[in-house]
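Notes for the one structure printed next.
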Amino acid sequence: MAASTASHRPIKGILKNKTSTTSSVVASAEQPRRTVEEELSKKSQKWDEMNILATYHPADKDYGLMKIDEPDTPYHNMIGDDEDVCSDSEGNEVMTPEILAKKLAAAEGSEPKFRTREQESSGEEDNDLSPEEREKKRQFEMKRKLHYNEGLNIKLARQLISKDLHDDDEDEEMSETADADSMNIEESNQGSTAGDHLQHKSQSS
């Protein structure tokens, strides 16, 4: 029986039949005509903007930005002892070359206070260290000094190399001139012996 009902059904194709289009036209004619506004409201979408803001822009969202929690770069103010060398109150005066030379001469012998503090604090830290740690720290400081002076060492090495090359060039030039002089002397000696030999032949004949 199931087979007989399946065989009686019409096979539906992909394309619309003419009868199906006419039936939809009849059905639409039966429905009351809607206004244009209802048609537009049916097709358009309404956005819930507050929901969009809450979804995509929550208050606690950080947008991948980092907050850096570290102290500002320290600024070392001039200590009270350095007021005679450099003073902000003297900034109002006209700076002449003589005054500048005096200030530079006065500041040349003194070391900045923050460096002396660092040296004092490093001396206090050495007392707390064991002998192995002191030796390790001393070696580290020595290697650090060598590393930071490496640029100066390279510059000096380049100067020495260029000086050696220049000296080698001068030595080669001197040896070449000495060789040329010895060759000239030998040629003149050979020429004079040949001349003597010719004179001797002419006298004997």
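Yeah, the Cβs are placed from backbone N, Cα and C, and that goes for glycine too.
Cross-referencing 43-55, 56-68 with Swiss-Prot places the feature region 'Required for binding PPP1CC' at 43-55. Each residue contributes its Cα atom, and for T96 (phosphothreonine) and T73 (phosphothreonine) these two points are 33 Å apart. For the region 'Required for binding PPP1CC' (43-55), the mean pLDDT of the prediction comes to 83. The two recorded residues, S130 (phosphoserine) and S44 (phosphoserine), show a Cα separation of 81 Å.
For the region 'Required for binding PPP1CC' (43-55), DSSP puts the residue distribution at 8 helix, 0 strand, 5 coil. Here the CA atom of S44 (phosphoserine) lies 57 Å from the CA atom of T73 (phosphothreonine). Its Cβ placed at the centre, S44 (phosphoserine) has 7 other Cβ atoms within 10 Å.
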